[in-house]
């Protein structure tokens, strides 16, 4: 399935899209256009006429890719199917990041496990180079049996992590209490599959079984309703960012009561670590965003 991009719109529709705030919808269905394989010496492949991307890991090397575009706010979806079987020691990372010592970053990381034991979904948010905001979850399905959609909604007010449309985490803009928020640095999408058996599974106790290699993770159906950053400016109108409401409303989206209930259900039943409750880690006091009014 191919979704419209500005390159294949009719002249009338292209003019209409420009009038609606120069909003760019990144193409869906051609991973050749959207991503560049950055490392792995042939272990990363784009297949099926750009419909599928695979990353592989063996004892010699992992592999990775990054987006061709940089984004400053957006709703970004990708379907992943994770390494099946005994994936202990492996990490599949899928994240947004800027560059430099004060970088911003929005992380999904999938920590492999022994056959039959659940993956751990690790999330984190970095702002101005500071992270340490980990929340970890089990999933309520087998993420290796089929593709599932992992989404980041990032707007000036909040970051929402979702799985198959169910929100699992919200990080709100808490600049009013002195917490930096990612809002000024454009970010690319990155993904990699790599060996981290010194820490990934049971704190490093379980090592990677290389007899199971190569390990492979698969990606498809990328979609970015997003503001593309290029040559120092955004594709979204700076004078009327609210015009993005015509493209699904993500720029000002927040969780409605139903979504809030679904997130609460996930956090109650599947969250296994929350930095905001780790008083041993923060003996001088929990981070300031860890309050009921600013943190979910």
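Cβ from N, Cα, C; glycine included.
Features reported for this protein in TrEMBL:
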type	residues	note
SIGNAL	1-26	signal peptide
DOMAIN	25-219	domain 'GH16'
ACT_SITE	105	active site, nucleophile
ACT_SITE	109	active site, proton donor
CARBOHYD	113	N-linked glycosylation site
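Summarising the environment of residue 105 (active site, nucleophile), the number of other Cβ atoms within 10 Å of its Cβ, over all protein chains shown, is 18. Under 8 Å, Cβ to Cβ, and six or more positions away along its own chain, residue 113 (N-linked glycosylation site) finds 87, 88, 119, 120, 201, 206. Summarising the environment of the residue listed as 'active site, proton donor', the number of other Cβ atoms within 10 Å of its Cβ, over all protein chains shown, is 19.
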